[in-house]
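S.K.: Can you read through this structure? Questions will come right after.
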Amino acid sequence: MARSKSSNRWLEEHFSDQYVKKSHADGYRTRASYKLLELNDKDRLIRPGMLVVDLGAAPGGWSQVAGQQVGTHGRVVASDILPMDTLEGVEFIQGDFTDDSVFNQILLAIGDTPVDLVISDMAPNMSGINAVDQPQAMYLVELALDMAKRVLKPQGNFVAKVFHGEGYDQYLKDLKGCFEKVVIRKPDASRSRSREVYVVGKGFLGCQTVS
């Protein structure tokens with residue numbers, strides 16, 4: 001089957017991308033690893049010994065970074081509907097974390113250890129139709145925040161990918177009602193044309209309505 005011009009253009013861009021080349025050289029699973037590395041450098045999110053929950057983890061670019069950063073005395077609990085190859089120091093739970101059975105597996109994996117950080121690089125399969133894609137993207141990031149509300153320890157932190165568009169401003173208001181500090185980041189590894197940004201919530205307070 002012949003490829004479309006757009007798919008050929010994507011392939012050319014992908015394989016010439018400096019972060020794709022760098023990920024191969026550095027042994028990271030995806031270019032997305034560099035987004036979390038930069039976020040961590042700026043916001044000091046991950047430290048040795050932490051417990052991190054990674055939502056939408058496959059193929060493992062963020063879990064790989066988190067596992068390296070928390071070290072042998074920390075843990076990463078990762079979940080995705082898609083399968084993910086094993087990573088050292090990462091416990092992977094396959095399934096939809098909105099299902100009670102999967103959520104309970106995550107809680108079982110967490111155990112009695114307070115969760116220091118919830119991270120999410122989730123995004124829907126993009127159709128190119130904003131009226132379809134944006135609500136789906138906001139739904140996922142709202143699910144990630146719901147999970148954070150349920151498992152984060154007081155003063156814990158949260159990172160998630162969000163797309164500019166309908167629902168974005170309200171989401172930021174909701175975040176500001178849950179954390180002492182909220183910042184927006186656009187890592188260098190994010191493609192400039194992408195509407196994606198990363199919200200960083202620091203110092204979990206529980207949640208209250210912000211007008």
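Keep in mind that glycine also has a Cβ here, set from the backbone N, Cα and C atoms.
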S.K.: Which of D96, D112, D133 does Swiss-Prot put in the same S-adenosyl-L-methionine site as G60, W62, D80, D121?
M.R.: D96
S.K.: If you draw a 10 Å sphere around the Cβ of G60 (S-adenosyl-L-methionine binding site), how many other Cβ atoms fall inside it, taking every protein chain shown into account?
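M.R.: Taking every protein chain into account, the count is 25.
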S.K.: Taking G60, W62, D80, D96, D121 as the record's S-adenosyl-L-methionine-binding set, what's the max Cα pairwise distance in Å, rounded to a whole number?
M.R.: 18
S.K.: Over all shown protein chains, what is the count of other CB atoms within 10 A of the CB belonging to W62 (S-adenosyl-L-methionine binding site)?
M.R.: 29
S.K.: Measuring Cα to Cα, tell me the gap between W62 (S-adenosyl-L-methionine binding site) and K161 (active site, proton acceptor) in whole angstrom.
M.R.: 12
S.K.: If you measure D121 (S-adenosyl-L-methionine binding site) to K161 (active site, proton acceptor) at Cα, how many Å is it?
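M.R.: The separation of the Cα atoms works out to 5 Å.
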S.K.: Non-local Cβ contacts of D80 (S-adenosyl-L-methionine binding site) (under 8 Å, 6 or more apart, same chain)?
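M.R.: The answer is L55, G56, A57, A58, F92, Q94.
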